[in-house]
Ligand SMILES: NC(=O)C1=CN([C@@H]2O[C@H](COP(=O)(O)OP(=O)(O)OC[C@H]3O[C@@H](n4cnc5c(N)ncnc54)[C@H](OP(=O)(O)O)[C@@H]3O)[C@@H](O)[C@H]2O)[C@@H](O)CC1
Ligand SMILES: Nc1ncnc2c1ncn2[C@@H]1O[C@H](COP(=O)(O)OP(=O)(O)O)[C@@H](O)[C@H]1O
Ligand SMILES: [K+]
């Protein structure tokens with residue numbers, strides 16, 4: 001798991017570590033890490049460092065200092081380095097001097113044009129979101145072979161991942177000490193490109209309790225997705241139940257079932273009108289038309305394609321009465337938004353999987369730019385794990401932990417894709433995984449499955465995701 005810290009925690013750690021180091025040490029470590037990434041990119045894209053043109057964009061703070069010191073190092077290796085002040089008039093004196101001594105030059109904003117490599121050191125963790133218009137106009141003139149953001153792309157809100165107005169769009173971001181929210185959530189994460197984390201020695205001073213987000217890694221998912229052991233039978237692996245579908249939406253149950261089949265449960269039960277179709281597509285599923293005769297399960301999924309009529313409401317009441325871990329998706333979310341009594345006094349774990357419009361129905365207002373806080377607010381209010389869908393799906397647990405999903409592709413924005421996610425999720429819950437981890441694992445594997453299904457530009461539909469989910473599970477299990 002990679003932890004993500006907000007600016008206040010980074011500043012606190014920095015000052016703790018700085019107290020025992022000569023002044024400027026951390027900046028030199030940052031500049032060394034930045035230079036390495038920049039030099040590697042120059043070699044990769046342009047064949048070498050010597051003679052290549054590098055432009056440093058600076059502002060008034062230490063972010064510009066990092067860029068200037070890294071630029072001085074590149075100038076020492078023969079790159080033609082220029083620096084331009086994009087924001088304000090105050091400059092980083094130490095960095096300025098180092099660049100001048102190394103043969104770098106300072107140019108006026110009118111003279112910027114194309115450069116092989118651009119280092120964006122306008123603002124870092126001291127940046128307030130929304131750059132002044134003068135800075136934006138100056139940035140517009142810059143043309144780059146490759147853009148590398150120093151710490152974060154300038155213009156973003158570092159702590160929320162929002163990108164207000166014009167922000168720098170980088171292909172690479174070199175960050176220092178730890179990940180910050182802008183790297184993993186919201187539109188800012190799209191502006192970062194590939195993230196390079198440079199260890200500057202502040203890790204030991206970062207307190208676990210101050211971390212605001214966690215990013216699951218492949219090894220976490222491999223550990224969380226239970227594998228059957230010698231003593232297992234189909235029941236001990238967990239039985240997942242799916243209550244889905246209606247004559248209006250007959251496809252949703254099949255897609256949810258396909259998602260569940262890729263999960264760790266030993267058996268799947270199905271209740272709904274499409275029980276014959278489900279069995280004919282998935283003969284291993286035990287299916288009945290009505291929920292009353294469905295049998296016992298360790299976790300229920302309710303909602304995909306059920307509609308919101310009286311029959312769907314009755315089915316949902318039955319599912320919730322079972323008091324087993326439950327995923328509510330799609331129409332079930334609309335129903336609990338309408339009938340708040342449904343969740344009153346509930347004790348068994350609950351996972352809700354809203355997209356933004358469903359979130360609005362449940363919370364009363366749409367998610368804010370700070371999606372992690374929005375997900376957490378709903379999770380706390382309803383005492384349920386909330387999986388807030390989107391480009392970087394967020395999972396918030398009412399215990400306060402929040403996960404940012406690192407996988408996925410916009411190709412997943414296709415009808416029925418959420419049904420397969422919900423199916424996988426109920427299987428993970430049935431296997432005994434807690435709600436937060438089950439939701440985080442489902443989002444991770446679903447995102448990976450989307451990437452697999454859409455590989456090499458292949459058009460992907462939800463029908464492809466069942467097989468792709470199996471490939472995703474296999475791939476996280478392959479070291
Ligand atoms: N912490 C660490 O461990 C280490 C940190 N290091 C580096 O330091 C960076 C942080 O540096 P920093 O604190 O000097 O702030 P930085 O982001 O350069 O800019 C602040 C200046 O910009 C201005 N300004 C901001 N937004 C604005 C806006 N929208 N519009 C207008 N002005 C705006 C702001 O103005 P003010 O808010 O004062 O009015 C202030 O003058 C960090 O990201 C990393 O690169 C590494 O060297 C080593 C270890
Ligand atoms: N732009 C996007 N980038 C990445 N993933 C996306 C994007 N838009 C949607 N998704 C994912 O696609 C799925 C869509 O689910 P949902 O909206 O419930 O679809 P449906 O109701 O048709 O099944 C979610 O997992 C969501 O995170
Ligand atoms: K920056």
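Glycine too: its Cβ is placed from the backbone N, Cα and C atoms.
Feature annotation from TrEMBL assigns domain 'YjeF N-terminal' to 10-208.
Sequence annotations record features per position, and here TrEMBL assigns domain 'YjeF C-terminal' to 217-476.
What TrEMBL lists as (6S)-NADPHX binding site is 252, 305, 355, 419. Neighbours of residue 355 ((6S)-NADPHX binding site), defined as other CB atoms within 10 A of its CB across all chains, total 18.
Residue 389 (AMP binding site) carries neither a helix nor a strand DSSP state and counts as coil. Per TrEMBL, AMP binding site is recorded for 389, 390, 391, 392, 393, 418.
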Given the binding-site residues 389, 390, 392, which lie within 10 A of residue 355 ((6S)-NADPHX binding site) by CA-CA distance?
389, 390
Measuring CA to CA, name the entry from the binding-site residues 389, 391, 392, 393, 418 that ends up nearest residue 252 ((6S)-NADPHX binding site).
418
How many other Cβ atoms are found within 10 Å of the Cβ atom of residue 393 (AMP binding site), counting all protein chains shown?
28
Take the C-alpha atoms of residue 305 ((6S)-NADPHX binding site) and residue 391 (AMP binding site) and report the distance between them in angstrom, rounded.
23
All-chain count of other Cβ atoms within 10 Å of residue 252 ((6S)-NADPHX binding site):
30
Need one number for the AMP-binding residues 389, 390, 391, 392, 393, 418: the maximum pairwise CA distance in Å, whole number please.
14
